[in-house]
């Protein structure tokens, strides 16, 4: 079964609390999503392989560590996932970015895919699927399935806020995909929103209703 990593760093908890506040405006919300995504990227890349390299400093020659040519990819689930991309790119500027477009049916709460664009070398990359909210888990599960159908072998899921129902669905449908969260909340309400959550992340990111 996939592992669930919930980040308890004080900076992440502080920023998540401000993000949750109903009075937090679009500009600040967008900045906070970006900042938390950057902080999460630090932990998401903890297991990257290192190799020894010979370099020369202004003082002497020395052997130091660098990341060993790992191919990475970030795949935001449109549209809210876009808010996490720049923060992660700041930490991993050379990664390729794919996109998966999904919308959730307001009646069934199930996702429908309308767009998919990925790097050509899918099988050679380690992917991180990003979406601020993991509610029912339907969109994330479908996005991961789409990646696998295209040949992806290594996938992680990174979300700001999750409900236990969404985590359970990912673990059941994709037990090989580890889940990285800034917060694991209590439950879903009758409308499919995470409680206490932070509202509709897409609307709050882009100033729409």
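Cβ atoms are placed via backbone N, Cα and C, with glycine included.
The 5-phospho-alpha-D-ribose 1-diphosphate binding site annotation in Swiss-Prot covers 79, 104, 131, 132, 133, 134, 135, 136, 137, 138, 139, 200, and the record cites sequence analysis as its basis. Following the DSSP three-state reduction, the secondary structure of residue 131 (5-phospho-alpha-D-ribose 1-diphosphate binding site) is coil. Other C-beta atoms found within 10 angstroms of the C-beta of residue 131 (5-phospho-alpha-D-ribose 1-diphosphate binding site) number 30, with every protein chain shown included.
Summarising the annotation, Swiss-Prot assigns uracil binding site to 194, 199, 200, 201. Around the Cβ of residue 194 (uracil binding site), the number of neighbouring Cβ atoms within 10 Å comes to 27. In three-state terms derived from DSSP, residue 194 (uracil binding site) belongs to an extended strand segment.
Each residue contributes its Cα atom, and for residue 137 (5-phospho-alpha-D-ribose 1-diphosphate binding site) and residue 194 (uracil binding site) these two points are 11 Å apart.
In this structure the C-alpha atoms belonging to residue 133 (5-phospho-alpha-D-ribose 1-diphosphate binding site) and residue 200 (uracil binding site) are separated by 8 Å. Cα to Cα, residue 200 (uracil binding site) and residue 135 (5-phospho-alpha-D-ribose 1-diphosphate binding site) are separated by 11 Å. In this structure, the CA atom of residue 79 (5-phospho-alpha-D-ribose 1-diphosphate binding site) is 9 Å away from the CA atom of residue 201 (uracil binding site).
Rounded to a whole number, the C-alpha distance linking residue 201 (uracil binding site) with residue 139 (5-phospho-alpha-D-ribose 1-diphosphate binding site) is 14 angstrom.
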